[in-house]
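> Input: one structure, supplied below.
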């Protein structure tokens, strides 16, 4: 009986020692959880035109975006933060998914960021306007070539949305077209925010358009309307696609 008591006491002592050893880690975990719960949702406003800065550190890093310039960078541009670099950081924070719904997309830096996310295994889906994706300088052809899913409209109205959803948690939206002209010259705004309700509404809109623009539903030779002729066709990445009156003034640029 005495021996049994000693065994119980020994087991209790070992258990107490292990518990005391694990206590700091448990406390850290609890504090981290409390901080996470108390952390206010993200709210960030970016204004453009953006200062021209070097973005190579952001676009070459394989993982987390570094805070400083890449080692040995000889770029003469400033290496500080700018509206463009903050937008890139918000995009490159994606770990699982990225939905893009954009009217015009020709910025090389933003295009590289999207391709980088695709290479990291992030699921990227893009919705865009059929006319502007066919203009010289558009990033859409490069994204498709990289294997990224792209869908576009085929109607008379513009697909004029300008928003992105990161990991189905962060909404990026505003007046900014993702073009060098808009980034460097135009007065524009971008709102980056974590808000479950707004993200849900924008995600529902994305999914609705994504299904509407399913290629199996395309009509490449729409029926002739009364008193009108068939819309002209334009070469779009090796394919002839119907191009309605909204884009006829752009045909010379394709």
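Note: Cβ is positioned from N, Cα and C throughout, glycine not excepted.
So Swiss-Prot lists the following for this protein:
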TOPO_DOM  1-9  topological domain 'Mitochondrial intermembrane'
REGION    1-43  region 'Required for mitochondrial localization'
TRANSMEM  10-32  transmembrane segment
TOPO_DOM  33-254  topological domain 'Cytoplasmic'
ZN_FING   49-82  zinc finger
DOMAIN    155-182  domain 'PLD phosphodiesterase'
ACT_SITE  160  active site
ACT_SITE  162  active site
ACT_SITE  167  active site
> How long is the line from the C-alpha of residue 160 (active site) to the C-alpha of residue 167 (active site), rounded to the nearest angstrom?
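Rounded to a whole number, the Cα-Cα distance is 22 Å.
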> What is the number of other Cβ atoms found within 10 Å of the Cβ of residue 162 (active site)?
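There are 20 of them.
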> Tally of helix, strand and coil residues over the domain 'PLD phosphodiesterase' (155-182) according to DSSP?
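Per-class counts: 3 helix, 11 strand, 14 coil.
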> Would you count the other C-beta atoms found within 10 angstroms of the C-beta of residue 160 (active site) for me?
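The answer is 13 other Cβ atoms.
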> Measure the Cβ-based neighbour count of residue 167 (active site), defined as the other Cβ atoms within 10 Å of its Cβ.
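Residue 167 (active site): 14 neighbouring Cβ atoms within 10 Å.
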> So what pLDDT does the zinc finger (49-82) average out to?
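Result for the zinc finger (49-82): average pLDDT 77.
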